[in-house]
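Quick look at what TrEMBL lists:
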type	residues	note
TRANSMEM	12-45	transmembrane segment
TRANSMEM	57-75	transmembrane segment
TRANSMEM	96-114	transmembrane segment
TRANSMEM	190-212	transmembrane segment
TRANSMEM	224-249	transmembrane segment
TRANSMEM	290-309	transmembrane segment
TRANSMEM	330-347	transmembrane segment
TRANSMEM	374-398	transmembrane segment
TRANSMEM	410-440	transmembrane segment
TRANSMEM	492-513	transmembrane segment
Amino acid sequence: SRNPLTLLIESSCAYVLIVTAVYWVSEAVPLGAAALVPAFLYPLFGVLRSSEVASEYFKDTTLLLMGVICLAASIEKWNLHKRIALRMVMIAGAKPGMLVLGFMCCTVFLSMWLSNTSTTAMVMPIAEAVLQQLIYTGIADSHDDSDTVETQEDENAIDIPVPKKPKIRRDSLYPTKRDHMICKCLSLSITYAATIGGLITITGTSTNLIFAEQFNNRYPEAKVINFGTWFIFSLPIALIMLVLTWIWLHCLFLGCNFTETCSWSKKRKTKREILSEKRIHEEYQKLGPISYPEVVTGLFFILMTLLWFTREPGFVPGWTSLFEKKGYRTDATVSVLLGFLLFLIPARKPWPSEDPLAPMITWKDFLRLMPWEIVILVGGGYALAAGCKVSGLSMWIGRQLEPMSGLPPWAVTLLACLLVSAVTEFASNPATLTVFLPILSALSETLQINPLHTLIPATMCVSFGVMLPVGNPPNAIVFSYGHVQISDMVKAGFGVNLIGVLVVMLAITTWGVPLFQLTEFPAWAVMRNVTGSL
């Protein structure tokens, strides 16, 4: 027989959890607003004091995110992202296969540092300009896409000025079916590449931050998740996924003849490809020579990465070992320091003029990009987790999951991955992960397997909600351009989802094992188990 008061608090906590989860999944109110439910229900039900709930809403990761957003604001303001994207596409060339791969590589790179949504919003207009060029030249060619056109006609085609307006109507027919396929392939490749890039760094996407903060909150003794360890684990996953996703999209939309679509040879270029390259070069020329603010932003970008990597690399002492007091400095310290300096450093060389100097970024630039809804959503997740811990609900959930103890760790992980990637198709990624993390932690502790064995794959798989426009914001952005139908997204997304789950399973059973010592049930999880059951 259990204490009735304990039962009442546990059931109150479960009620708050269910109400918040229903609001998140149904999106009846905005996600941020739904995340405030624990802030008033927990104190009303006597689960947590109001001041205790409030302290859960602003954590170390919020500061980390703020610093990264300062850098992202500077990158966007001074068009550094556009320069990087166009330069990468110029290197790749205009052959459809190489063009798609070029756009994917630059999207992955940008998405490591900027949010998936802003990366997609930045790269899509550049891709759209190239696709419109393809359509215009297709009409000028009178549906002819071969190299065997007479030179006279060829000159005419190149001399035709590219009209700015009227734009071709999106629902109008494309010059050829193949052109439409190229448009679909390129559009979808960008949303998938943004998702893949977001996996690589701990700040790459909000779900990684939610995992890091919840994990460090639940297991303060662990000290295994930082920028460096996450990067080493996820970079190979992203590279393998990038190549496989490109091959999958290529086969689905452009066919399996890679020699025709991926040749770098100048002789084999059609005039349409030459014109597409010309358009990209023109866009790059418009940016002019590299400016002083772009150089400063680029230096800050490199400096932030270096300081993150060298803080506590693990295999050698990091720069934090220079300080006497240990454990005070985190990745957020670096991020906020450099973010603050961007408000201080002038946006042009101070010596030639006496005019007042504008800073690299203003508070308005920062506010335009700062995702406060995500901050509150993450806070709501921490508040729910804190309530489950205090009320003993997480222990109860763990006990209910004991029948699964006969399963091997890889099977538990695979089930978690499949379940999470199915739910995340219909619910938002952060909301899905916030609901699943405490359950999977309790499950791991009950089954005596390293919590990272289930938590990291689940965190990765929650990003693979790529089959529907509602799955994540990048999908919605790409869908709004009108090149793809929902059926295309479902077909292509299913393949990407499958590739993602398989690659993550491969990683957690191979190089993840020595990196995170996954074979043993660690001391920090044992301690948590003991304190939790008191």
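The first residue you see is number 1, and the count goes up from there.
Heads up, the Cβ atoms here are built off N, Cα and C, so glycines get one too.
Count of Cβ pairs under 8 Å against the transmembrane segment (12-45): among 57-75, 190-212, 330-347, 374-398, 410-440, the largest is for 374-398.
Only residues 6 or more beyond the boundaries of the transmembrane segment (224-249), in the same chain, are considered here, and those with a CB under 8 A from a CB of the stretch are 100-101, 104-105, 108, 185, 188-189, 192-193, 196-197, 199-202, 208, 211-212, 215-216, 308-309, 311-314, 331, 452, 456, 460, 492, 495-496, 499-500, 503-504, 506-507, 511-512, 515-516. The transmembrane segment (57-75) is not in contact with the transmembrane segment (492-513), judged by fewer than 3 CB-CB distances under 8 Å for residue pairs 6 or more apart in sequence. Residues 60-61, 63-64, 66-71, 73-74, 202-203, 226-227, 292-293, 296, 300, 303-304, 307-308, 311, 357-363 of the same chain lie 6 or more positions beyond the ends of the transmembrane segment (330-347) yet place their CB under 8 Å from a CB of it.
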